[in-house]
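A quick write-up on the structure given underneath.
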Amino acid sequence: MSDSNNIEDNVVINTITNTDTNDTTPPTTDTNTTPSVTLKRRFVGKKKIAAQQQQQNENIDNVTTTKTTTTTTTTTTPITKDIVTTEKKVKVFGRGLAMAAQQIPDEIMNDKELNLAVKILPSNYNFEIFKTIWRIKQASAKRVALQFPEGLLMYSCIISDIIEKFASVETIIMGDVTYGACCVDDYTARSLGADFMVHYGHSCLIPIDVSEIKMLYVFVDIQFDLQHFIETLKFNFKQTQKLIMVSTIQFSASLQSSREPLSEYFSNIFIPQEKPLSPGEILGCTSPKIKFTSPDGDEENNEIVIYLGDGRFHLESIMISNPHVKSYRYDPYSKVFSLEKYDFQEMYKIRRDAIETASKATKFGIILGTLGRQGSPKILDHLEQLLKSNGKHYTTVLLSEIFPAKLDMFSDIESWIQIACPRLSIDWGYAFTTPLLNPYEAEVCLGGINWQSVYPMDFYSKEGGKWTNYSK
């Protein structure tokens, strides 16, 4: 769980340090070429971004983690490579770049001023500026809403200025918090008078054919030192080890590109898919269940999960849905490769206790999340029927964000069911004074299903249960 008291310490394992690598960390901006686009005073600033990028480069180049079982030792002195780098370079194929380039008109692709403006952005972050401008012009849009996750907001003003100049439109940067693809806020964009919306950094959970306005999803593929990732896996595992590879959408293209060179060394590589997500993609609430092929417990032949990405939130999802599989994380920014652990038994106990307490309640509150598209009216209808059939009284509350202090104001509510983010209950449910159940837990509490021995992570799965978005 996200609380540090419930997570065992990570174990940092063999990490290859390469001080002579072709790193694709965002470079500093070329100061010899000045783009013609006029950057507004609200713009974050090239100098600030360049300084951050330079500091990140220095941190990655100078820090190496040595092999240990319980502690992490770091050194800031330059060291030599401890592997032999292969001559074959790994090709990273961006998502549909070649096809998109063939479709975008030459007057956009070859616009010198536009190309100079795009150089302000990090070269290894694919914001698909050319495609965005082309789509906006195709749609004859006048006002464009731009929605970014927190980690990309620092680039929002640059992108806004570029789009306004080269697409001749007005832009709106939507500053409300965006936790994931479920937070696509097309309703607000429409109410603000936008006729086109660009959502950055997440996959298409909300199909463009059901959104309220014309939409474009930009996944923001991030390229990094892929060769280091490949060599790290080869350095740490035997050729017979079965690898199950997953990532977030930003690194999905790189994950696919790594498959071919890794297959030359490992005999069994598997990239799972939990539809409607892309192959290898996982969400914090949705991950595939891995089918075991080695029930005899032979550790060398068992599957292991390799997660490519920073942070633990998404990784914990596939760990929860596959508690018997070892999980490793490769951070593409720090180049640290670590064995990750999770206290499943404590999580099970906390959530079952909450369900047991809630089962005795007579007055429920149902929270329909209004942050983007988090709340599902279909799930709401299903839970209302369950509550009625169990003779429970309930009140429906609309909330964009859920905090303990806010819910404490509803003193007559004995238990809550939130239809927003399942992980909110799992990770932070203990912080609320009254039980805060997610739809799956409510299903168990109200007798719709028995407690599952493996906690389901299927909230956006096409094969999910009655408590999920795509249930039939």
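Residue positions begin at 1 at the first shown residue.
Cβ atoms are placed via backbone N, Cα and C, with glycine included.
Sequence-distant neighbours of C285 ([4Fe-4S] cluster binding site) (same chain, 6+ residues apart, CB-CB distance under 8 A): S317, C421, P422, R423, M457, F459, Y460. Annotation comment: Swiss-Prot describes C182, C285, C421 as [4Fe-4S] cluster binding site, evidence class similarity to another entry.
Each of the binding-site residues C182, C421 was scored by other CB atoms within 10 A of its CB, and the lowest score goes to C421. Excluding the listed site residues C182, C285, C421, the same chain places Y179, G180, L283, G284, Q374, A420, P422, R423, F459, Y460 with Cβ atoms within 8 Å of the centre of the [4Fe-4S] cluster site Cβ atoms.
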